[in-house]
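Taken from TrEMBL as is:
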DOMAIN    51-300  domain 'G-protein coupled receptors family 1 profile'
TRANSMEM  36-57  transmembrane segment
TRANSMEM  69-88  transmembrane segment
TRANSMEM  108-130  transmembrane segment
TRANSMEM  151-172  transmembrane segment
TRANSMEM  203-226  transmembrane segment
TRANSMEM  247-270  transmembrane segment
TRANSMEM  282-302  transmembrane segment
């Protein structure tokens, strides 16, 4: 339904929409590119899910990996699976059906889940930085400080903070019944794009947004910076270069993921603020919404010997399993009874 209303803080009347649906922005309008985009994003999605599931399987199946660091890593992998699953399947369906429509409630749901799991990524990366801080700066008290109860409490607290962040975003959006346009300038319901479509810009909404940014951005980044400041200070006091390398190598995977996650996210939002092309911003958003969750398993598996050893052991046990089951025992028994 279209209404001729006067937007707050605007002098002239304009068409404003009381929406039942939104239209998402495609990555390309070229019909010949649609099958390529479909195959590309389907393969990236499958690789992401499979890679993160392998990490979860490795951590859960090997008792040597039942430590706080790998517990947080398994939760990060689960979060990455959920994070990519709220956007990419919908985009794949849109490419296949040549439709970019998403309902109003579907958009709010996608936005809420995007905020929950995106903020969970932030919080878990901060918790993992704290884990490395305790392991390097307080190694003798590591098992006492990060006991199982505290590890579960940290993950639960991360989820509750993410849920609060999502609820605050929903409170802001639900107070905006009218929008200037139905075109969302991204391939998913980006919270910042929805707020840009709002017809009004109230003081209370700005206050709430500052609070949300503080929770989901400033606190996690500050925690990571503080943890690595203490880690680097402790490492610099180690006399031998070999000891410094060994201590810092335990942080290499986490630091790589942190730089990839925050670097791509920061670059996307700075680039979208400078560039006037919404499509370029949507293409850039693929970096932190799709590429980062896909690369995380490769970073941890390639740089972590424990993960590689566990996965290799699992694959090796699968290959020798047919030779060690009941059928193999029967064959051995028959072989022993045969006359020479």
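From the backbone N, Cα and C atoms, a Cβ is placed for every residue, glycine too.
Taking Cβ pairs closer than 8 Å, the transmembrane segment (247-270) reaches residues 121, 125, 128-129, 132, 135-136, 192, 221, 224, 228, 231, 234-235, 238, 281, 284-285, 287-288, 291-292, 295-296, 299-300, 303-304 in its own chain, all 6 or more past its ends.
Tertiary proximity for the transmembrane segment (108-130) is limited to same-chain residues at least six positions away from its ends with a CB under 8 Å from its CB atoms, namely 69, 72-73, 75-76, 79-80, 82-83, 86-87, 90, 102, 154-155, 157-159, 161-163, 165-166, 169-170, 173-174, 188-191, 194, 215-217, 219-220, 223-224, 227-228, 254, 257-258, 261. Sequence-remote contacts of a segment are chain residues at least 6 beyond its ends whose Cβ falls under 8 Å from one of its Cβ atoms, and for the transmembrane segment (282-302) they are 25-27, 41, 44-45, 47-48, 51-52, 54-55, 73, 76-77, 80-81, 83-84, 87-88, 185-188, 190, 253, 256-257, 260-261, 264-265, 267-268, 271-272, 308, 311. If one looks beyond the transmembrane segment (36-57) by at least 6 residues along the same chain, the residues whose Cβ comes under 8 Å of a Cβ in the stretch are 27-28, 73-74, 77-78, 80-81, 84-85, 88-89, 91-92, 95-96, 290-291, 293-294, 296-298, 300-301, 307, 311, 314.
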